[in-house]
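Novice: Have a look at this one before I ask anything.
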Amino acid sequence: MNEASRRRARTWIYLDVWKSFLGALIFLHLVLRADASAAPKQCDKSCFSGKCVNGTCVCDHGWDGDQCQHCQGRFKLTDLSGSLTDGPVNYKYKTKCTWLIEGYPNTELRLRFNHFATECSWDHMYVFDGDSVYAPLIAVFSGLVVPETRRNESIPEVMTTSGYALLHFFSDAAYNLTGFNIFYSINSCPNNCSGHGRCSAASSMAGRVYCECEEYWKGEACDIPYCKHNCGSPDHGYCDLTGEKLCVCNDSWQGPDCTLPVPSTEAFWVLPSVKPSAQSLGRASHRALVHSGLMWVVGGYSFNYSNYHMVLNYNLDSSTWDAVAAGGGPPLNRYGHSLALYKDDIYMFGGKLEAGAYNLTDEMWVFNIPGRTWSPRKPAPPPPYAVEGHTAHVVELADGEAVMLVFFGYSPIYSYINKVQEYNIRSNSWQVVTTGGAVVQGGYGHTSVYEEASGCVYVHGGYKALSSNKYGLVDHLYRYHVNKKTWLVLRESGLARYLHSAVLLSGTMLVFGGNTHNDTSLSNGAKCFSADFLAYDIELRRETTVRGKQVSGYTARSGDYG
């Protein structure tokens, strides 16, 4: 082979090698491209309760949203302990979520609300003691439910005894807040003994546990302090360990730990270790009054009426409850009614019945305290307005007639009533009082007190019709002169509320609690009910709040919890 032939042969060899190399490159490129196309596309955001599939979050059962961040379905929980939540962000509008916690039959299951924030009065969590909505409803939560800053309050807990719990959450189409985080456990101690005790097994009940409290702590959850600083012994008092474990103060000292002198300008609370009976639990919009050392509680709304008693009394001396078996054909259960005391009789008027098609009533019933019997009154003419959420007082007019005055209230026919209805006890008749003076607004859920020395009724707060077809809470304060039949508008406190309570003590109207949540868009939070304590001095016409701060230019006083 000559030189030219050798060169041509080498050229063909080089071409074959180059073709092979080029083919390998092309094959490798195709393989890499195929692998790249087969790799899953990543999601732009995290999938909280689901997994990413080709760039999209595929949610686990019961979850919804582009990041699977909202609950929207049903869940079953079978572990002995765990937690449930609406999701890591604010819940969405029109949410409906249900959790069924399955424990062991007839065991205690505790729900601990570590965080709860929903729109007050609109977005609710329902808790049933059982495995369906037909089980007893034992709690409904709405608003802001968190531990308070006051030292004796703890995270709310709910306990079921069936071994099961069904929780259902519903939100409307308006505001959505941060939602909730609820821890549950089976056969655990209440509130983990609040960090002031240890959880022990009960010897008499298999599987049940209880708290053994440290010294100077008591209560089912070891959350009630007692005998702090040893009651200032020996100068101020001593610690009595024989009964309720509390301080017994010397004559010159007072307060839960005997630290306040007698007299004192400071206000304080005392928390008695009273174990209420089952009949005394779970009622709202009831009414109460005191007669001869007994506080009489009548009516009220309850989740469960299977063990309900219309009338209870609480002995202020012995700190005991009694379910009263009243005779005389007792009235139907009701709430939002009024009570007024006259001699040995309690006059109950109006309210909302738990039974019946048209359940707002204008009935008048009289409960005789010595005889413990009910009797209906059928006045002629009948009352002008059937109302709920009103107040009533028995007063004596200038001519000596005893009458019951009914202030305001709500009627489904006439809306919010701004009238004063008068019931004459002697003649058993009703009339509407023609009043003068200032023009007042009627409402629902206000409070009122009667000061006999001045012959005036003071009406505070309530839920009323406002301008532009709006409704809301008010802090109005009115004075009604019984004999002059005139109204006077007094200074407002700046703290609107309804469904609160008020009593008269030594010329001062004391107002406690109530629902203080108005328009959500104007609210500084979502808490429904308040622990505020207001005091209005009738003689000085000033209003203070027992929270240790200035409120709308009013003088403030301080208070403490015992």
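Cβ atoms are placed via backbone N, Cα and C, with glycine included.
Pulled the feature table from TrEMBL, pasting it below:
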SIGNAL    1-36  signal peptide
DOMAIN    71-187  domain 'CUB'
DOMAIN    185-223  domain 'EGF-like'
DISULFID  Cys189-Cys199  disulfide bond
DISULFID  Cys213-Cys222  disulfide bond
Novice: Identify which of the disulfide-bonded residues Cys189, Cys199, Cys213, Cys222 has its Cβ surrounded by the largest number of other Cβ atoms within 10 Å, counting every protein chain shown.
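Specialist: Within the set of disulfide-bonded residues, the most crowded position is Cys222.
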Novice: Round to a whole number and give the Cα-to-Cα distance in Å for the pair Cys213 (disulfide bond) and Cys199 (disulfide bond).
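Specialist: Cys213 (disulfide bond) to Cys199 (disulfide bond), Cα-Cα distance: 9 Å.
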Novice: Whole-number answer please: how many Å between the C-alpha atoms of Cys189 (disulfide bond) and Cys222 (disulfide bond)?
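Specialist: Counting only the Cα atoms, the answer is 10 Å.
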Novice: With DSSP as the yardstick, break the domain 'CUB' (71-187) down into helix, strand and coil residue counts.
Specialist: 0 helix, 56 strand, 61 coil
Novice: In Å, rounded, how far does the Cα of Cys222 (disulfide bond) sit from the Cα of Cys199 (disulfide bond)?
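Specialist: Approximately 10 Å lies between the Cα of Cys222 (disulfide bond) and that of Cys199 (disulfide bond).
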